[in-house]
Amino acid sequence: MTGAAVSVCLLYALSVCSACYISNCPIGGKRSIMDAPQRKCMSCGPGEQGRCFGPSICCGKDVGCWMGSPETAHCMEENYLPTPCQVGGRPCGSDTVRCASPGVCCDSEGCSADQSCFAEEEGDNQIGQSEGSNSADVILRLLHLADHTPPHRVHQ
């Protein structure tokens with residue numbers, strides 16, 4: 001074989017195999033990340049009452065959710081830690097989406113309103129129905145308004 005053919009074969013083999021390189025290998029090799037115990041995601045928000053759901057999302061059961069605000073700045077550090085974290089709450093969609101706050105379902109990309117996240121709150125909380133539903137209704141209305149706002153306003 002010629003040198004060019006050997007080079008092409010080598011480059012093809014290199015692109016097909018899945019290797020981790022020195023700059024992005026986890027400690028212990030690429031398979032060690034699967035064996036590592038999952039840890040809770042970092043706490044965030046006022047009084048550290050919330051948990052990070054993504055680099056700019058902080059949610060807590062009693063405090064609601066923040067997205068892209070100063071309360072979420074601490075969550076950026078999660079990107080630099082070598083082991084993955086597991087957020088609390090029960091699944092409310094796919095494997096990566098979890099109940100973050102009463103009526104709110106989040107993953108690392110964003111949040112949405114989800115009625116199934118109220119069931120967890122009702123079972124855990126013994127306060128009156130009207131007291132718990134008022135804050136949940138406000139959250140749902142805010143999420144609803146955020147989903148339906150136009151991308152820009154046309155001034156007349």
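Cβ coordinates come from backbone N, Cα and C, glycine included.
Look at Swiss-Prot and you will find 1-19 tagged as signal peptide, backed by similarity to another entry.
Under the heading disulfide bond, Swiss-Prot lists C20-C25 (among others), citing similarity to another entry as support.
Annotation source Swiss-Prot lists glycine amide at G28, citing similarity to another entry.
Around the Cβ of C41 (disulfide bond), a 10 Å sphere holds 21 further Cβ atoms from the protein chains shown. As annotated by Swiss-Prot, disulfide bond applies to C41-C85 (among others).
Under the heading disulfide bond, Swiss-Prot lists C44-C58 (among others). Take the CB of C58 (disulfide bond) and look out to 10 A: across all protein chains shown you find 32 other CB atoms.
Residues or ranges marked as disulfide bond by Swiss-Prot: C52-C75 (among others). Within the same chain, residues at least 6 positions away in sequence whose Cβ sits under 8 Å from that of C52 (disulfide bond) are C41, M42, S43, C44, C58, T72, H74, C75, E78, C85, V87.
Per Swiss-Prot, the feature disulfide bond maps to C59-C65 (among others). C59 (disulfide bond) has a Cβ environment of 29 other Cβ atoms inside 10 Å.
Residues annotated as disulfide bond in Swiss-Prot, with similarity to another entry given as evidence: C92-C105 (among others). Around the Cβ of C105 (disulfide bond), the number of neighbouring Cβ atoms within 10 Å comes to 25. According to DSSP, C105 (disulfide bond) is assigned to a strand segment.
Residues or ranges marked as disulfide bond by Swiss-Prot: C99-C117 (among others). With a 10 A radius on its CB, C99 (disulfide bond) counts 25 other CB atoms from all the protein chains.
What Swiss-Prot records for C106-C111 (among others) is disulfide bond. For C111 (disulfide bond), other Cβ atoms within 10 Å of its Cβ number 21.
When other Cβ atoms within 10 Å of the Cβ of C65 (disulfide bond) are tallied across all protein chains shown, the result is 22. Counting only same-chain residues six or more apart in sequence, the Cβ atoms lying under 8 angstroms from the Cβ of C106 (disulfide bond) belong to F53, G54, I57, C59, C65, V87, V97, R98, A100, S112. Calculated from their C-alpha atoms, the gap between C92 (disulfide bond) and C117 (disulfide bond) amounts to 7 Å.
Note on C75 (disulfide bond): other Cβ atoms within 10 Å of its Cβ, all shown chains, come to 24.
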